[in-house]
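Asks: Can you read through this structure? Questions will come right after.
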């Protein structure tokens, strides 16, 4: 019985992890850059939600799309104003730039909101549970998992079966060549960064409902996001989901057996994957 | 006839060399003047930024008080404060401590952070610059640096309560409510958490002595995102009390999962997580009834030796001018300035480190946090302050969402008890 609880906690935590990783993996897949500011985008999403709720008490179903759209705009602006300027053959300038953005974003959040711990109070949803008495299941973690799977599905359809998705895939394959077909690759990059920021923001809102965050919480999420995409592998959207769920399960099972282990077994999983299957659980081999 | 200002290359070089020489050795030049330099280290950013949140405001108040200087031993000294942010980081603490002691040549170092006080305590002892610290259980400060209550330190001092005193309030809080006396505990794994969870001198021993049985939830790491293991263990053992130590994000994750998994204890007393009103606000309605150790509240009957303000007046002034709710560190950072300035004044010669050191050791003053008594303390270099127990209660339309109600005062008899601790099931 207790193992069912553990399994459920692991899967729901993994769902959140997968969502941290999804936006990062999208950026990496399309632009081939590692966005160091991804953790700050997650936290900025949470703080945008706090700001909206402080101004006017909107219900959750309205808050989620508002924050998503707001952070899409932030991501779009960030890419077109800053990151696009440094894209090139050298991977170092974007790395340094996003690192700089992460520091600026952190301090900006402290300046605006203070260093307090903040959380989003989901009201009755916080402790709502469904299921039989012998196996109560929290509605919030269950909802998080379902929302994550739905988002993965939507992005899968978006990339695989729409005109926009074809353009993104083509840009990812050869950003120079798509220009010949009238595609403005910088605009494509900006939209992709917007989508990535929007996904990060959703993850941030869900995190703020599950726990509480400070402006300094971004770094830990970035680490999780990187582990998710390394464990899952690159090349497919679903790989991130698999990576997230695997990491979440390993964390929760190790917390149960050895509470003091922290993220140790997650890191060990990462190492084992790197040793025996460097392309990740579901990634395809990249030869270059 | 017009006289031209002549600036030859030679005279320009010699003038700039002299000027930059002055800049490069500020401590030497300034030491001759009657100026006292006081270094102040606190956490303004990083995970412990809330602890330092009121410090810039507090420093502003103290600067205004000392703008006409201090008259000590018939001489008037001007006072300069140098505040440094240690970014909640022990390495950064060491480098700002180094900077203040070596480059700025401070006469006294005030430290409002445990990590910083451990790092800078050593420097102050080696350099022979007196330092006073607070906000850290004195055991962690003393044993962490390899000393003993008999031995002490040459130049570093601290005043705060002890870990044993704070933990001792917990069973007395629980004694006030009707439970099955089964306690589930779990601790954040850092130096303070290890002291709190020590099976011989920490909370487990204190609980056992008080007649409570213990369900061990273990220690956890900083990044832990899931506490379902602890929740299901406590729930299976039917624990009615939850305790331990951790930061607000840990507790809010645990508490949400407890709700989702149908675990509803009668008391939740968690060190570290309930110090600040913002942490309780972040729990929403479920923050009602959380209990904690209490360092300082606006209701303590103490007055400032600097301004004569009561605790309530200090909190009011902070709330009016900052727009934020009072925090527990407000009293301690005020008291840190009180002890520092009192020692400098009593020394007779603030530029003489040994005179200042002796003045600190002989100090016994009434501060914003109650008596700070180094002179009569059985522990060398340490003045132990009072600690009480309290419970956060939802207000009915007050200034704030939650107020801290004092429910236990065995170690702080001058603080009045306002109510008995109520079980969580009664508070809803």
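Numbering starts at 1 and runs along the chain as displayed.
Positions of Cβ are set from backbone N, Cα and C atoms, glycine also.
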Asks: If you check TrEMBL, which stretch out of A:95-113, A:114-132 is marked transmembrane segment?
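Replies: Per TrEMBL, the stretch marked transmembrane segment is A:95-113.
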Asks: With TrEMBL as the source, which of A:165-187, A:188-210 is set down as transmembrane segment?
Replies: A:188-210
Asks: Using a Cβ cut-off of under 8 Å, list the residues of the same chain at least 6 residues beyond the transmembrane segment (A:222-250) that approach it.
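Replies: Non-local partners: 7, 10-26, 28-29, 34, 36, 38-39, 102, 148-149, 152, 155-156, 159, 263, 265-267, 269-270, 273-274, 279-284, 286.
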Asks: Out of A:62-83, A:95-113, A:133-159, A:188-210, A:262-278, which stretch touches the transmembrane segment (A:37-56) the most, going by CB pairs under 8 Å?
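Replies: Of the candidates A:62-83, A:95-113, A:133-159, A:188-210, A:262-278, A:188-210 scores highest.
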Asks: Give residue numbers and ranges for long-range contacts of the transmembrane segment (A:262-278): same chain, 6 or more residues beyond its ends, CB-CB under 8 A.
Replies: 223, 227, 230-231, 246-247, 250-251, 253-254
Asks: Most CB pairs under 8 Å with the transmembrane segment (A:62-83): which of A:6-30, A:95-113, A:133-159, A:188-210?
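Replies: Result: A:188-210.
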Asks: Mind checking which residues of the chain, 6+ beyond the ends of the transmembrane segment (A:188-210), have their Cβ under 8 Å from one of its Cβ atoms?
Replies: 16, 19-20, 22-24, 26-27, 30-31, 35, 38, 41-50, 63-64, 67-76, 78-80, 83-84, 87, 118-122, 125-126, 140-141, 144, 147, 151, 155, 164, 167-168, 171, 178, 221
